[in-house]
């Protein structure tokens with residue numbers, strides 16, 4: 001054994017001398033052996049293709065380190081640990097085995113070529129397994145660092161959960177497939193032929209005409225701003241006219257819905273359009289008022305704060321107003337970031353998704369929610385346990401409908417509209433599902449409304465000396481009023497269920513903020529949010545409004 005080792009070292013030194021005399025390394029030739037490369041009967045360290053050839057000094061250093069390893073001397077536990085740690089630091093545990101395999105295979109090739117004498121034939125040579133066994137000793141330490149388990153509390157959020165996500169998808173598909181089959185076997189096909197359109201929809205034509213007539217109010221606001229720009233009317237008159245225009249824009253649809261016996265979906269659609277127009281008109285009037293004030297300050301030579309952006313001068317343009325009224329935003333500004341072109345293929349795919357998810361949402365409502373609600377009692381009357389069972393049974397399909405609605409409206413529809421108009425800022429929502437407090441959820445789930453509230457309500461209150469807590473209460477009060485309008489008016493029921501549900505968020509904001517401050521880096525607030533969101537919030541409101549609506553219809557039928 002010592003004779004073989006001595007012959008191998010002498011052969012390696014002779015090869016290195018030959019390489020130094022030539023001054024460079026020839027291109028490597030792949031030998032038909034296992035995972036190794038050789039060149040000119042010499043040991044060469046394997047490198048990536050993009051790197052430069054190994055220098056002669058590097059080869060010499062590699063051979064020197066190999067000679068100092070466990071080839072000549074019997075290693076102790078300490079020397080094996082040093083050798084293992086140094087190789088693991090550079091290239092990991094596999095690099096040590098590769099180094100030993102490369103050197104042992106190189107010896108095999110050298111010995112084979114030495115036997116052939118001419119070096120022209122390249123034969124397959126088995127690696128020297130004894131060298132690997134001799135270098136990778138059991139005394140080499142296998143544990144070198146302090147590591148946490150992947151599911152420990154300090155390490156769970158640093159890991160990728162793609163596999164668990166796929167598992168959840170598979171479980172959801174399996175469970176819901178069984179529920180769909182069970183529902184169809186129990187109730188049959190409940191969706192009627194007139195689900196998309198029926199003759200009853202024709203009676204909602206007054207609401208449709210009211211929706212078309214809402215364009216009058218932006219035109220009136222534009223006329224007022226044009227007169228204000230030309231200084232034909234004073235500033236108090238401008239404010240008074242805008243108050244009248246915005247008030248009529250929200251009262252007029254309410255009056256039409258209450259006067260007509262329309263469908264609930266038609267009434268909700270009209271109220272959403274009316275509230276959107278109202279918010280846009282307020283932003284248009286408020287922004288132009290502020291820009292007029294800044295223009296007057298500039299004319300007087302007053303210094304403006306550095307954080308003010310006056311790239312767009314004050315100018316009343318009908319084109320900018322028309323673009324703003326159809327753009328997927330509630331905050332007016334003279335110009336917006338624009339994309340260079342329209343992606344037609346992407347737009348078509350989003351339209352297909354919108355149709356599919358709208359159908360899924362309608363299927364869940366007709367096939368699941370309606371039977372559960374129709375077979376339930378008023379949650380505040382009758383048996384408490386039965387009411388809890390109905391709420392829990394309704395919570396899952398109601399959550400699916402809400403998620404489909406959110407995806408269709410905030411992701412698909414707003415992105416489709418933004419793509420058609422080449423609207424650049426498409427942050428219509430943030431990762432609200434990771435909200436740790438209720439306040440985080442309201443700040444992230446509806447970005448157009450959040451930006452409007454912050455820009456035109458919250459910060460104006462702060463600038464006028466109103467405390468932050470009171471300003472936050474005012475924001476929730478306005479939000480509760482609009483939620484009540486969008487639900488109570490189409491139902492013709494004013495019991496303030498939606499208003500109370502939104503105002504109930506204020507103590508929840510305080511509670512979840514307290515828990516988040518007490519339990520740092522935890523998801524306690526997120527769990528509370530999901531529990532209230534899925535169980536105590538929307539399912540309860542659905543049952544309350546449904547039974548009140550059924551009671552109203554029964555009274556109308558008896559009368």
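Counting starts with 1 at the first residue shown.
Placed from the backbone N, Cα and C atoms, the Cβ positions cover glycine too.
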TrEMBL feature transmembrane segment, matched against 121-143, 236-258, 305-327, 328-350, maps to 236-258
Under TrEMBL, which of the candidate ranges 2-32, 33-63, 64-94, 95-125 is annotated region 'Disordered'?
95-125
Students should find that the Cβ of residue 483 (active site) has, within 10 Å, a number of other Cβ atoms equal to 18
Residue numbers, six or more beyond the limits of the transmembrane segment (236-258), whose CB comes under 8 Å of its CB atoms
206-207, 210-211, 213-214, 217, 220-221, 224-225, 227-228, 267, 270-271, 273-275, 277-278, 281-282, 285, 289, 485, 489-490, 492
Counting Cβ pairs closer than 8 Å to the transmembrane segment (264-282), the top stretch among 351-369, 470-490, 496-515 is 470-490
Comparing 164-185, 399-421, 470-490, 496-515 for Cβ pairs under 8 Å with the transmembrane segment (527-546), the winner is 496-515
Report the listed stretch (164-185, 399-421, 496-515) having the maximum count of Cβ pairs within less than 8 Å of the transmembrane segment (470-490).
496-515
